[in-house]
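Just below is one structure, and these are the notes that go with it.
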Amino acid sequence: MLIQILFLIILTLNCSYSTSYSTSNGIRLMTFNIWNSGANVENGQQKIAKHILMVNPDVVALQEVYANVTRNLTLMLGHPWVAVERNHEYPDTAILTRHVLIPNTNLSTSGAVGVKIMLRTGFMIHFWSLHLDYTSYGPYAANNKLVDKLDQIMAGENVGRGPQIYEILNLPMMKKWMEKVEDVPIFIAGDFNGPSHLDWTEQTKKIHGDWVIRWPATKELEEREFSDTFREIYPNVVSDPGITWSTVNKFNPEWNYTIPEPQDRIDFLFYKGPVVPYQILTYSGCEKPQRIPFHSKNDYPSDHFAVFADYTFI
């Protein structure tokens, strides 16, 4: 394990990525889809740990987490990193933090895990990592010329991603968290496997198959008064699209990489409560990832851009 940690430190020295932020009354959060737990690149799990160390977040929402991977990552990250994962044979979602997990507060749903965390500064947060259903991907339907009714697109949203958001919001314990949100903020982070209604607007419909769509997962969070951190800081969807899908998946392999893959913002950090965001970035390391099928030696181990944001408690 010591050799692995030294390996990570050496790799980290090669990048001058700036990660400064206030630690006294602030928090840095990250969402990171780790693409089959790093299986698609050489030394994938070591690279996952490396990039977490480079970003230096307080809490990380992970997706595509295989069994035993959080154990491996916490060992590589070292003390004081700890983890909680969804209670399932295939965890899929997990939360890493270098702060204190409050015992007996973790929650699991079909696509998410949540927990209460106490920061070493004394602040408390409620934090969710989610990974919504990947099937019936909305942008594929929206860009299909045979699709001419919104109901056809929404049919895929109403059986997977939409209900999964409702499941989280309607948990009895989540409702109790919501009652205390003026004192303890709630963060919902992860891979939504779908775009935002704030991005598919009249301004952008020409690049979205000529559709304006109120995607239900993000719309429901907005109606529950959660804020989309990226769109709050960057409200101009044309100049700041914030694409997170994909770092490497640019063309569909089934047609010899000649048909473009729709690129979209599908990884989010939502918040509600007594914090103010002041910085958010998409992240793929310092070396440009090579697209599929030339990706196996990439330094950055994911097909999604990670997203991290800094908040100040108020």
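Using N, Cα and C of the backbone, Cβ positions are placed for all residues, glycine too.
It should be emphasised that the depicted structure is a prediction, and the values quoted were computed from it without experimental measurement.
Listed in Swiss-Prot for this protein:
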type     : residues : note
CARBOHYD : ASN68    : N-linked glycosylation site
CARBOHYD : ASN72    : N-linked glycosylation site
CARBOHYD : ASN106   : N-linked glycosylation site
CARBOHYD : ASN256   : N-linked glycosylation site
SIGNAL   : 1-18     : signal peptide
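Positions of Swiss-Prot features highlighted on the structure.
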residue: ASN68; record: N-linked glycosylation site; DSSP (3 states): coil
residue: ASN106; record: N-linked glycosylation site; DSSP (3 states): coil
residue: ASN256; record: N-linked glycosylation site; DSSP (3 states): coil
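In this structure, the glycosylation sites under consideration are ASN68, ASN72, ASN106, ASN256, and the one with the smallest number of other Cβ atoms within 10 Å of its Cβ is ASN256. For the pair ASN106 (N-linked glycosylation site) and ASN256 (N-linked glycosylation site), the C-alpha distance works out to 44 angstrom.
ASN72 (N-linked glycosylation site) sits 36 Å from ASN256 (N-linked glycosylation site), taking the CA atoms of both as reference points. Reported as a whole number, the C-alpha separation between ASN256 (N-linked glycosylation site) and ASN68 (N-linked glycosylation site) equals 35 Å.
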